[in-house]
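Have a look at the structure below, then the notes.
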């Protein structure tokens, strides 16, 4: 992300290599992945019992309006008994995530003055930097990569969100007119994002709101394109929020809808969240590496999204992150769980980079005509070293490599295979399973309980046509 060609190639090489280092254990762990007792079997049972479409209506009316999420979870590999699918989809998800980061980076630097190979190298560097930053700052690795229900609710919406940003930027470069191909792609992505979760709904509507604000400030009116996209978003939000199941879910928690608690708790949480991002992630060193590229992006006639005053960008980013944090406090009265923090991180990092670019616009046009180069090389080397340290110490990488290389993931895989074989080889109606020998933190979420009436146990029992399934205290598994 440095402008000097040799230095840019060095930065690209280091960040691309680090991306590979992060990718290797994630792919390796995929081969040990299994469906989780937490929700996966319950969704599969519903689809198998009621049918695909009826299952979606059942959840829409009885639990959640997340229509795209419901569509995905009720077509899970478990519905056809394809356990291998849980080893395949994390790899596909990772590939889509990499491609979406690259698509966004490619569009962001599409008009880079360096042109040709320099533009390509800058795209790779930016994509690798975004990928490293996002993966390194994941609050919950299994929830994002290896939990099918979490993938349907949060991970795919992250991929769609990145793809939407790339499409919007490409559309803007074409004049942001009524181009059917762009409008169709954007509309489908918006519907998929909104239908995934309330968190992703806020993310995408916030972006559309920022685009609308920019048009009102710069043109004093909204274009037909923005009106169409806002309409698609509004209809999608209506179907998400109007679901009868939302009221059922909210009513089940006595701590929901407490506005004073939500506001105060969200502000306190935001202070700690910001400190963590600044001190225990590669955010700052990657920002240093990005600044020269951001400076270069301001050297041409500015696109509409870079003509906003930094104050607007800062207010938008800060307000959006705070709203995302507050959703869980408002819904259930507790801080955001890790799967939500993963999405908050994505929005925070993208907003941070956007605001850095807006800041460079102001600095370039008011105080200087060229970016200072005197200390570019030592600063770049120091920043790269900082990135390596932050990624190696505070990220999910040590946990992922530890579970893989220590054999814990393989032990977990073997134990799960034994459970499947055990249930397949007996016609007994009451099942007992011993605790797993290991619980790899990068793969494992929850197990069945020693209470046969627990939801996870009941879903497991229904899927395997048992009356009950119980987790015992014995060291060996048996079926009665």
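Glycine is no exception: its Cβ is also placed from the backbone N, Cα and C atoms.
Owing to the predicted nature of the structure, the values given are computational and were not obtained by experimental measurement.
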*According to TrEMBL, which stretch among 269-289, 290-310, 311-331 corresponds to the feature transmembrane segment?*
311-331
*asked:* With contact taken as 3 or more Cβ pairs under 8 angstroms (pairs 6 or more apart in sequence), are the transmembrane segment (145-169) and the transmembrane segment (200-217) in contact?
replied: yes
_For the transmembrane segment (311-331): best-contacting stretch of 200-217, 343-363, 375-397, by Cβ pairs under 8 Å_ = 343-363
*Any chance the transmembrane segment (343-363) and the transmembrane segment (121-139) have 3 or more Cβ pairs under 8 A, given the pairs are 6 or more apart in sequence?*
yes
*asked:* Against the transmembrane segment (375-397), which of these stretches has the most C-beta pairs under 8 Å: 88-109, 121-139, 200-217?
replied: 121-139
